[in-house]
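Below: one structure, written as structure tokens.
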2 protein chains.
Amino acid sequence: MKTIRVGLIGAGTVGLGVLKILKEEASSLEKELRIRVQVHSICSRSLEKLHSVRKDFPEAIITDDFRTVAGNPDIDVILELVGGVDVAEKILLSSLKAKQTVITANKALLSQKGESIYKLAEENGTEIGFEAAVGGAIPVIRVIRNCLSGDNILGLYGILNGTTNFILSKMEREHLDYGQALVLAQKAGFAEADPSFDVEGIDTAHKISIIGSLAFKEKIPLQSITVEGITKITRLDIQFAAELGYRIKLLGLVRKLDGKVEARVQPVMIPKHHAFASVMDETNAIYYKAAFAGPGLLMGKGAGSLPTASAVVSDLLYYGARRDTQPISEKNRFSAAEISEANQTEARYYLRFNTVDKPGVLAEIAKVLGSNSVSISSVRQNESDSEPVEVVVVTHPCSESSIQTSLARIDSLEIILEPSIAIRLEDKL
Amino acid sequence: MKTIRVGLIGAGTVGLGVLKILKEEASSLEKELRIRVQVHSICSRSLEKLHSVRKDFPEAIITDDFRTVAGNPDIDVILELVGGVDVAEKILLSSLKAKQTVITANKALLSQKGESIYKLAEENGTEIGFEAAVGGAIPVIRVIRNCLSGDNILGLYGILNGTTNFILSKMEREHLDYGQALVLAQKAGFAEADPSFDVEGIDTAHKISIIGSLAFKEKIPLQSITVEGITKITRLDIQFAAELGYRIKLLGLVRKLDGKVEARVQPVMIPKHHAFASVMDETNAIYYKAAFAGPGLLMGKGAGSLPTASAVVSDLLYYGARRDTQPISEKNRFSAAEISEANQTEARYYLRFNTVDKPGVLAEIAKVLGSNSVSISSVRQNESDSEPVEVVVVTHPCSESSIQTSLARIDSLEIILEPSIAIRLEDKL
């Protein structure tokens, strides 16, 4: 029987979930894995949250001072579950300097301060587990590290933000506009009062930065990722997508082409028959392409107390069991990737133009598209008695730059009332 | 740099795939994982197959005698890729007695002789990796072992046989009968000349036995699994399923209810909006439900040279890196599970009756169903000028036993021309 002495810092929704699992599964962990998890200390700023925890872990030290936990030589593994950057960074630095193993769900911290944290871990010969930081209960990090270790990952494609996927699902099912669906997401607890971190794609970019770096073993900095959120998507786009046999998803992708890395977060249209299109509500998924394993999909709960806690506990057991026996072999620090300037692959595009109602509108749009080598595959214009008129064009495969150039020109025309929308069709996913 | 000395036995499709990966990825394994895989010996009964391999691995010993490889003290890890049971068992026994780590893709061997093999490995303090034995490139074993280790798995549901899934997909897309689609699968190399191992569900049962035992840490013997294949499924059933919003899949499932294990392989109807319904052609998938992580899905290539080889190489790296450092902690031997006698959960059923064309047929069928407490939700009978008439009934939720009793009675009626078909609707998956 191996004993792992654990210090848990942060008794929010994930922290309390971890304690629940450790209590309920203690005897099966001892019986099946021959591991005893001894909760040495539990730390929270608000001690009243820990009232019910005291009786479940009568031997644990309850404290509101993380300094008595992080770096405490009687503790092997620190679970950093406070979130945010400043205090969490202090906790990690103290823990790693004391050669404690650290498990964290803190993607913001890792994508902003990862470099110095990983370096400190290396210098102190200890490890950091962060499965819970990306995709909640989906074991994407373990799959990249251990299951595709001998393979050559060509690309990762993720629906990694539950809030935006919930909003897009609501918009489709209940025929809502973005603003209405956002309010529902806020009421359901899926969106913050200020939702910009989620809906602008920043959260997805954090996650893409973390898993992309691990997959390619090249550093993909946050600022190298082209990011576009879902705030411009309307009920009309969702409806047109459905008519065309597609579903709109906020996709984070990172892939390699000719040695260069393309990293983007943007709303795209996924064919309805693709498994990715069945990822609804707050569910997350990662689709990968590997040179030998081929394509694969991982899908599951991307957030929530118990799903995230399950990933934290799995890291705790994995790294806890390795501690003191297995030489440190996991790399987290990489040299910088060469980032490709723009999207190099051609694709079909959905374009929506909000126009005045007068003759010649379509001709003007078509002329600009044609002069930029954008060939039209189909056009839809629903019957309407009043302005604005919505004109939808689906193109043949063309480059993103030709679309951008065309739209800049078209949006300067007098016939256009609102900025035009372009959404990529991911036919080859 | 750690060196792993490997002996590969069996140069068929998977073995040659492994050698291809080891050659192409050698430098990145050294650079990124700091692991050198030294191919010490390559063994094949037909040495001519190894002609092109000789120049790729000039330092490897090429042999047709496995006894110089299995048990050779200069080799750390044996890759057993010969398939079949007899020779493979000899290889494993020699290797394990010599404390070699063994990696195998041999599900037949493990599900038939696993108990004595695992025991021998334990006694010799060595490990066996068999990720490639279930679901090809899908990392289901690693996910059960390492990612859901602190969780409590409630059920596993698998589309685990590429041949049957290919046949069912062909039947649907090309409106074929079972026999026609089987011929196509044979021509495409997806089905054997004698396809019974696949189409009767036995292959899926082997896999369910292996992953079910690991998930519940209770032994689920092959003979305790209720198995039904796809040979009775007709083009009509596929078509009716589509009209009802379902897709027919050969599902292997193992789940726990009130401490008892239910283990079955049978064709079922999956709602079309479920991600499982998008698993087409030879693709495999495993859907799991865990107490804390919630539901999750793993999908990917279930067979083929390179996908299977990718899983073998990932095991080779995982167990090779642990060898000599990590104490043996993975359990493969379990006490027997308590198997539940029959399906205890209620479900809706699709029933198809092949009947004579005369008045009163539906009344007779409905009467038997009613007397067995099977309540009818909907009935379809397509217009027809000639016998037989196909009557399709969808029931309200009821027990499997009430369906079995009803069908036994109905099939004895004179109005029935062929044995009736019952397919479970997996609405709650």
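Keep in mind that glycine also has a Cβ here, set from the backbone N, Cα and C atoms.
The active site, proton donor annotation in TrEMBL covers A:K207. The NADPH binding site annotation in TrEMBL covers A:K107. The feature L-homoserine binding site is assigned by TrEMBL to A:E192. Sequence annotations record features per position, and here TrEMBL assigns domain 'ACT' to A:350-424.
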Using Cβ-Cβ distances, find the residues under 8 Å from A:E192 (L-homoserine binding site) that belong to the same chain and are at least 6 apart in sequence, listing them in sequence order.
A:T163, A:Q186, A:D198
Could you give me three numbers for the domain 'ACT' (A:350-424), the DSSP helix, strand and coil residue counts?
22 helix, 29 strand, 24 coil
Cα-to-Cα gap, A:K107 (NADPH binding site) vs A:K207 (active site, proton donor), nearest whole Å:
7
I need the least crowded one of these recorded positions (A:K107, A:K207), counting other C-beta atoms within 10 angstroms of each C-beta.
A:K107
Quick note, recorded positions A:K107, A:E192, A:K207 vs chain B, Cβ pairs under 8 Å, ordered by sequence, gives none
